[in-house]
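What follows is a set of notes on a single structure, which appears directly below.
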Amino acid sequence: MNPTTSGSAVSTLEEKNLGRIAQIIGPVLDVVFPLGKMPNIYNALVVKGRDTVGQQINVTCEVQQLLGNNRVRAVAMSATDGLTRGMEVIDTGAALSVPVGGATLGRIFNVLGEPVDNLGPVDTRTTSPIHRSAPAFIQLDTKLSIFETGIKVVDLLAPYRRGGKIGLFGGAGVGKTVLIMELINNIAKAHGGVSVFGGVGERTREGNDLYMEMKESGVINEKNIAESKVALVYGQMNEPPGARMRVGLTALTMAEYFRDVNEQDVLLFIDNIFRFVQAGSEVSALLGRMPSAVGYQPTLSTEMGSLQERITSTKEGSITSIQAVYVPADDLTDPAPATTFAHLDATTVLSRGLAAKGIYPAVDPLDSTSTMLQPRIVGEEHYETAQRVKQTLQRYKELQDIIAILGLDELSEEDRLTVARARKIERFLSQPFFVAEVFTGSPGKYVGLTETIRGFQLILSGELDGLPEQAFYLVGNIDEATAKAMNLEGEKK
């Protein structure tokens, strides 16, 4: 990582390599430069001037193609309203650079690294270009290790890999945001790490809601902004495709600085990775490339790879990425989600059925998967416990139809015991979150992996068969469940 320390991201404006706009097609500009002064691919170009009404214009573009005849084709990072042919264009001589480091925490940025939260300027002495190659093999940390989140259902059944990529699947209103905020909170407390949130092509309202909830839950500290645990980068639905295509790289660049220079563990959230592909598809068509399968860009897997390969563990620190995945028309074979799946180490699937039952986090224990759940990685004890939990829940799922029609009494003794334990497991998979304290009033719990395994082993062994199932609902470790059972017993008397 070689961040530059300069007063401005635009370093060579003094030399002023000037061109002029020759053609504008929506967010794509063709610019003519003097002979021998052609900018490089990915150079940032700046258009400054006034529109026909006299309003100041300041549009940054990125060079995508060199067309010949001293022409380049560039994609705008903001709206091209008011631009006219013949306007002056300045070649900055460098790629887009964004602020990095502690100054970014608690702040909201756009794709260019400009703050958009009305909290004043950001210290831009340390900036970093958004385009760079993935770390070399020799720098990578190849040791497979679990990233403990303190969330029981995740750590036991679909553990995250340190420096891995996790797909987050779930519809609206099943608790994606709260789960994301809890992960941000836990990485800061347990791992001394920070988080970067990249809002890629999603609703502006949701971005605003997330910001407000983060302030309310303390993830962003309003009184002392430097104490915040997260930096936010947004390029939402209303932005041109150039911004939506690059905002993921802006967020990743900020995360890389925390990993490589501060040597921290970083969580990078991308919401939504599908919109990154969608924006690339729009830009590809505007640049005149021949579309590939289902109308996507021919460079789909290259673009995805160049983003995903930068998300990894090095010997300095790690970037663990959690990516919300929108599946168009629920078609998992669509090229966009199919290309994403090739990069994922784990999937966390949120279930509306569990949310309706009031079991939070509403992570589906049977649908969520992880490549880390192997005995040689997590150990025999963890693996065996996870498999037995899944078998018990699977059997309960199979018996539900019989229970619905005939009732519990028609089941065999063994099946009744399985159902009772499965219901306890289901409730024990819920837990109170720190970030939800404000709403629920019950204090949050971080449960270590060994405690989680011990708790489920006790339920499976039958030692806790005598306890009522509500004792297992929204508690931390198993000792709290037994204490809650005693309280319930006392209340009955």
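Yeah, the Cβs are placed from backbone N, Cα and C, and that goes for glycine too.
Summarising the annotation, Swiss-Prot assigns ATP binding site to Gly170, Gly171, Ala172, Gly173, Val174, Gly175, Lys176, Thr177 and lists sequence analysis as the type of evidence.
Highlighted in sequence order, Leu350, Ala355, Ala362 have their Cβ within 8 Å of the centre of the Cβ atoms of Gly170, Gly171, Ala172, Gly173, Val174, Gly175, Lys176, Thr177, the residues recorded for ATP, and are not part of that set. There are 22 other Cβ atoms within 10 Å of the Cβ belonging to Lys176 (ATP binding site).
The Cβ of Gly175 (ATP binding site) has 21 other Cβ atoms within 10 Å, all protein chains considered. Listed in sequence order, Ala355 are the same-chain residues at least 6 apart in sequence whose CB falls under 8 Å from the CB of Gly173 (ATP binding site). The Cβ of Ala172 has fewer other Cβ atoms within 10 Å than any other of the binding-site residues Ala172, Val174. Least packed by the Cβ count within 10 Å, out of the binding-site residues Gly170, Gly171, is Gly171.
Classification of Lys176 (ATP binding site) by DSSP places it within a helix. In the three-state DSSP scheme, Gly170 (ATP binding site) is classed as coil.
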